[in-house]
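Taken from TrEMBL, the feature domain 'Cytochrome oxidase subunit I profile' applies to A:24-574. Taken from TrEMBL, the feature region 'Disordered' covers A:1-20. Positions annotated as transmembrane segment by TrEMBL: A:46-68, A:96-126, A:138-162, A:182-209, A:230-258, A:300-316, A:328-350, A:356-381, A:393-415, A:427-450, A:470-493, A:513-535.
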Amino acid sequence: MATTDIHIHSDVHHHGDHDHEHEHHEGNFWTTYIFSQDHKVIAKQFLITGIFWALIGGVLSVIFRLQLGFPESNISWLKPLLGGWITADGKLDPQFYLALVTMHGTIMVFFVLTAGLSGTFSNFLIPLQIGARDMASGFLNMLSYWFFFISSVLMFISLFISTGPASGGWTVYPPLSALEQAISGSGLGMTLWLVAMAFFIASSLLGSINYISTVINMRTRGMSFTKLPLTIWAFFFTAIIGVLSFPVLFAAALLLIFDRSFGTSFFLSDIYINGEPLAHEGGSPILFQHLFWFLGHPEVYIVLLPALGISSEIIATNSRKPIFGYKAMIGSMLFIAILSFIVWAHHMFVTGMNPFLGSIFMLLTLIIAVPSAVKIFNYVTTLWKGNIRFTPAMLFSIGLVSFFLTGGITGIFLGNSAIDIQLHDTYFVVAHFHLVMGSASFFGMLAGIYHWFPKMFGRMMNEGLGQLHFWLTFIGVYLVFFPMHYIGIAGFPRRYYSWTNFDTFSGFTDLNMLVSSAAIATLAAQFIFLFNFFYSMFRGRLAPINPWNATTLEWTTPRNPGHGNWPGEIPAVYRWPYDYSKPGAKEDFIPQTVPYSETPESNLPHETKLIKLESSNGDNAIIVEGSH
Amino acid sequence: MAIDIKIVEEAKKPIAMHPKKFALWLFIATVVMVFAALTSAYIVRQSNGSWLVFDLPNMFWVNTAIILASSLTMHWAYVSAKQDKIDVTKLAITLTTILGTAFLVGQFFAWGQLVDNQIYLRGKDATAVSGSFLYVISWLHWLHVISGVVVLVVSTTSVFRLKANSKNLLGLEMCATYWHFLDVLWLYLFVFLLLNR
């Protein structure tokens, strides 16, 4: 017995259909893999570049951890790699140590967790999950990647110049970053940093504009905002935050460029070098901090929200339960997005700010704990009594929730302007943000890769290796960052080249040794992932169409979706994306494309009412089923 | 052979705007944020004291009139294209481009007047930061107007090639939106500088 489904359509074609027909020619190597305008290829370009940068950022951190954990050791064996940056007696050059710290921060925050995370998953998932052929503008999307690429090349070059890369910290505070006399990295290295970041901002803005425009305007039939997966909501809020905050960094960088190269004094005043006053007068370095942190704090959520969205999706899918509090999840992300713009001065409590102003920013900062707690409760209640499948993606998502909690709690300490007097600029801060923003987002990114790898490359990653990778990384991250809380409470300042020269600070050498060893082990564990990633890309088990039995639209595409994503018409959407284990349903998931009329056994009363017995104009989705 | 006919609920098409028009508005939002940051920095720095009070050059008034007029002609071009009055459209969009270019040139004279008033990018003492802000803000706006004039030239070409008419208005509409924005942005900056010298 055969069943035919005849889809009758009036003239209401999705406008993407027409584009699709025009673009269905085969491109050559250059247009398919290099200057591609297809969102899936661009996503993979962002992913590969992001992985490349993550590796460099990780190696840089291990080099400076060697210095911190084993300050007495001779590291002249690194000479082939670092050359003149190793001093004659086999020690790391102190200036290069600062360069390493700066570049580790810049690379991880911007190149890996902003471009690598948002660039990969917003590009890949937005069209696939909302049911669009591609982004609103494929050309701008391509431009976004290539601006990022130019930015990457410039930043990479700056690692190899003789005066060293930017060394004033990833926050590039003037006057340190503005004056070449301050540190050699503030010369050409800092110029390259600023130019690279200008390209990066352009790339990020082009991307964000595209994401917002696509989410609002290109959704398929039936995909109302309340039916969007939480991933899309997260990417959407992230893009809005980016559009509003990155231009402010641009303004700060512009003024800094004028101070550095054209002799103005926006951020510089009353500076004496070797007893001689500089010509710069009348500027305010605090002004830079205000501008920087107006981007800097939202940036934390640009990094974190996509990871939270990804984990919402993965936790619901692998718990085989609807996400708990779908609207509360959206509301808390919206609330976090709004709050992110009015808390920036908590990075500046000790800059001589009015204490009353400090207490206002403290109050606003502590309020962030509310939506964050809502999210954690919702993750836990989604897991509660779920039919949990511990896939690598699921493990990394649960790991994210763990880091978000342990790292978030210390945020409540640091958000207090009084406690911050003791804790600011110590390893406590380093531990806090590496857990809550660094590791949590990194785990979100890894979870996303494990979960959507089958859709990206049509093959499965090895599950055993994935679990090994998870446990080594999870334990490693806690071994690295947990001891740092103690080191920080003891008052150890961050960014110091060496402590053993001070009696006060020579107490925690053993703990620092543990941290450094754990950091090396954690970096080593990432090579398991790299092997798994590249091996599975070519040799992995062929992926089924819907390997995780998920409900969202990307799993209705072919195994290797071509340009335009769906070979035929784009499916319409009838229900929200979290119909897992619905009582009465035949299977434990109902895809978004299944109308309520086909699932009378599991419909709730209000859903049955949604079925229109008479289609108003006889257009759109009338399905005629006939048996022969 | 029984045939069941089952009628399924309709999937509604979500409300949507033209994605490219929407993207333009988002781009405008980013430009607004850049200038919001610069003018906020201006206010913050000014409140710290030691601030040289400057007179805005007279050419700023002239240029404001020019860019306002260009906005009117831009609207005129848009309305006549909508009514398919090709010749009027050609005249109006050409006028807009000329006025836009006049604004670009006029700003040079304005900066010349500033130099005559001894307001420099890098002045002698701590109070000169006001001049630095004035130059950087007006230069950055000037750069945006260049991009606006490039868009105008592209639109003018398409009007002369008869590619912009009531059926194909998207390009001209986006050009008009951007140009009006640059006009409003200048008005904001001008009034801001007038009020916060």
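Using N, Cα and C of the backbone, Cβ positions are placed for all residues, glycine too.
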Other than its close neighbours in sequence, what residues sit by the transmembrane segment (A:138-162), given a CB gap under 8 Å and a spacing of at least six beyond its ends?
35-39, 42, 45-46, 49, 53, 56, 84, 103, 106-107, 111, 115, 119, 123, 188-189, 192-193, 195-197, 199-200, 202-204, 206-207, 209-210
Any chance the transmembrane segment (A:393-415) and the transmembrane segment (A:513-535) have 3 or more Cβ pairs under 8 A, given the pairs are 6 or more apart in sequence?
no
Does the transmembrane segment (A:356-381) reach the transmembrane segment (A:328-350), going by 3 or more CB pairs under 8 Å (6 or more apart in sequence)?
yes
Stretch in A:46-68, A:230-258, A:470-493 most in contact with the transmembrane segment (A:300-316), if contact is a CB pair under 8 A:
A:230-258
Counting only residues 6+ away from its ends, which parts of the chain sit with a Cβ under 8 Å from the transmembrane segment (A:96-126)?
39-40, 42-44, 46-47, 49-51, 53-54, 56-57, 60-61, 63-64, 67, 82, 85, 132, 135, 141, 144-145, 148, 151-152, 155, 159, 164-171, 183, 185, 189, 193, 197, 200, 203-204, 207-208, 211, 214-215, 231-232, 235, 238-239, 242, 299, 302-303, 306-307, 310, 437-438, 441-442, 444-445, 448, 452, 455-456, 495, 497, 554
Express the predicted model's confidence over the domain 'Cytochrome oxidase subunit I profile' (A:24-574) as a mean pLDDT, rounded to an integer.
94
